[in-house]
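Student: Below you will find the structure I want to go over with you.
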Amino acid sequence: MSSLPLQKSLYPLLRPLGAAYRVLMRARRRRYENGAACGTDVPCVSVGNIGWGGSGKTPVVQWLLQWAAVHGLHAVVLTRGYKASPPGLPYVVTPQSSAAHAGDEPLMLARSCPQATVVVDPVRSRSARWAQERLAPDFFVLDDGFQHVQVARDTDLVLLKKDDLHAEWGRVLPAGSWREGPEALSRAAAFCIKCGSGEFSGLVPDFENRLGSFGVPVFGFSLRPGALIPVCGAHEGAQLPAGAPYVLFSGVGDPAQVAVTVSSFLGYDPVRHHVFADHHGYTQADMDRMAGYGLPLVCTPKDAVKLTAPCGVPVWTLSLETNFHSVWNAQPPAGQAGEGFAQWWQCRWQRLAGLR
């Protein structure tokens, strides 16, 4: 999500407040860098962003968890669990948990990556210590961890939106969407930007101008549709009839991208796209209103985990896979020019594991 229209119109007035917030965030970080952060006994990887909005953090976390499962490693995700109301803290999310207890994204991760453990706790230094004692992790993943200072980390994967390289560059809250100033990007081990493979080359001048001085790779990724999976109102293995009209609904950070992805996968647009706020909790009234069209419904996996009310009509979700497709590096190390994300991460992991 980019700056709001009011922020843009009031930017000259809000800019001094943004500068003050930027200084405050720097001072806060220095305090923890001087020894107040909680260390961990195993490698810790943060996946976060510089600003607010849907930059694709959860798909990148999911990629790391799937990589860990393939390599026989136990990954533990430390997440605050936005809008979660767990019965106790720390709270271990299971595939059987409710979205109300776990939060939508933690529950989605727990269901899609059962070999990993997802722990919800807004105090992540507490959940890190608790998990080290009880869960035998091979490494931690800090979800939305770039500005989180309580837990020390070995690697920061920083996600950027295309707007971050243009109009949003350096606009710190409340003057823009950024949580810190551009100097914070020097902490990044790599940048990841969600874009189509055809868009990536057009962004290279921005990488050179904005990110080249940091000397780390920039990886492009997209969400590749997998299959339509019935959620309710249709038996397992059922298929949406080819060409059948449908209604799309989503409560995510980038609804426009959802519409593009679903329409491209099915080959035609929905009759209607109901857009809800990010992390929206679906009510019976919501489902009744959408079922009133008498058409099948399609949603994202993040929406699907929150469907507890009777649907009234068949509902499908479109499974998505994280696809790293491009890389740019101003100064690639010897032998690493054009190295893809999987290869880069494998080398990074070997170094991290060797230091412990």
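Placement of Cβ uses the backbone N, Cα and C atoms for every residue, glycine included.
As annotated by Swiss-Prot, ATP binding site applies to Gly51, Trp52, Gly53, Gly54, Ser55, Gly56, Lys57, Thr58.
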Student: Is Thr58 (ATP binding site) helix, strand or coil when read with DSSP?
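Tutor: In three-state terms, Thr58 (ATP binding site) counts as helix.
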Student: Any idea what DSSP makes of Gly53 (ATP binding site), helix, strand or coil?
Tutor: coil
Student: Counting across all protein chains present, how many other Cβ atoms fall within 10 Å of the Cβ of Lys57 (ATP binding site)?
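Tutor: Lys57 (ATP binding site) is surrounded by 22 other Cβ atoms within 10 Å.
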Student: What count of other C-beta atoms do you get within 10 angstroms of the C-beta of Gly54 (ATP binding site), across all chains shown?
Tutor: 20
Student: Identify, among the binding-site residues Gly51, Gly53, Gly56, the residue whose Cβ has the fewest other Cβ atoms within 10 Å in this structure.
Tutor: Gly53
